[in-house]
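Enquirer: Feature list, courtesy of TrEMBL:
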ACT_SITE  Y137  active site, proton donor/acceptor
ACT_SITE  K165  active site, schiff-base intermediate with substrate
BINDING   T49, I209  pyruvate binding site
Amino acid sequence: MNNKQKFKGIVVPAVTPLTKDFKLDITALEKMFHNFHKHNVMPFVNGTTGESASLPFKLKKDYVIAASKIKYPGDMLYFGISANCLEESVTLAKIGFDHGVDAVAATLPSYYNLSDSQMIRYFEQLAEQVPGPIIIYNIPVTTRMSIPLYVIDELSAHERVIGTKDSERSDERLKESIKLWSAREDFCHFLGWAPKSTEALIDGSDGLIPSTGNICPHIYEEMYKAVKNGDNERAYKFQKLSDMMGDVYQKGKLLGESLWALKVCMHELELCEEFVMPPLYPLNDEERNKTLKHFRHNMEKENLLLKNSTNV
């Protein structure tokens, strides 16, 4: 099966838009999905950027059901099913596929350190019980474990394991991943390490999953098109814009703090409110104002670069 024809391109790990009382903000979700659709990027809900580890089960269920109704016809929908309990992941997957998601993504359970053989057995069990395509999600910053490439490669033989999302920051691993899978029609590689986006696409990665796509999906839309058109110079110009906008909410912050700052930027764009789910909390007003000042400055700078450069 040629999975690369279906599972490719730009997939944005969507924030979870919340109301003041920590319910799903449907109006905000509609705005977010409109913004994604306008720029030909596909939503991935209930992932790390979506604060999945902090969300109650009911909210996760509500989210995927709402997302499946709101998404535009023809757009793909990816759904995170990561959990420390295998049964919970399977239940989430079944709910997702019952409501039309195209693929689910799962990290390792993050409480116990696992041996390589345990990792293989876990994902095999998951793949046997999940009724649709599954993406293996490697993110050591949250799971505290790196899934060895040979483990993913072995698991890729399973018909339901159709790809991997890799957020590990390793040049060697990225090169080896592309070497292993770029020629495989049945297995896809998505990169979740934004500073290496253009390099990965040029070398043969199938797609990107950048959190900055929540505020600037057009950057990745144009980057992807440039690489597909063989215009690497143009693609690297968009890489610089990606780096610049990512710094606004990520630089000098913990992962959880950066998710709040990302929502601050999205609120500035009137996409969603700033509320984050405990144990994440807003930073102080000084940090908020600093983030907004940086964001406004970089948005103006980005617009100038896009407007004035004949190559972008």
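Cβ coordinates come from backbone N, Cα and C, glycine included.
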Enquirer: Taking 10 A as the limit, how many CB atoms besides its own sit near the CB of T49 (pyruvate binding site)?
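Expert: Other Cβ atoms found within 10 Å: 25.
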Enquirer: Write down the Cα-Cα distance for Y137 (active site, proton donor/acceptor) and T49 (pyruvate binding site), rounded and given in Å.
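Expert: Cα-Cα, rounded: 13 Å.
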Enquirer: Expressed to the nearest Å, what is the distance separating Y137 (active site, proton donor/acceptor) and the residue listed as 'active site, schiff-base intermediate with substrate' at their Cα atoms?
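Expert: Cα-Cα distance, Y137 (active site, proton donor/acceptor) to the residue listed as 'active site, schiff-base intermediate with substrate': 5 Å.
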Enquirer: Roughly how many Å separate the Cα of I209 (pyruvate binding site) from that of K165 (active site, schiff-base intermediate with substrate), to the nearest whole number?
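Expert: Pair distance, Cα basis, whole Å: 8 Å.
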Enquirer: Can you name the residues of this chain that are 6 or more positions from K165 (active site, schiff-base intermediate with substrate) yet have a C-beta less than 8 Å from its C-beta?
Expert: A105, I135, I136, Y137, N138, I139, F190, L191, G192, I209
Enquirer: Around Y137 (active site, proton donor/acceptor), how many other C-beta atoms are within 10 angstroms of its C-beta?
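Expert: Result for Y137 (active site, proton donor/acceptor): 27 other Cβ atoms within 10 Å.
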Enquirer: Let's check the environment of I209 (pyruvate binding site): how many other CB atoms sit within 10 Å of its CB?
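Expert: Cβ-Cβ neighbours of I209 (pyruvate binding site) within 10 Å number 29.
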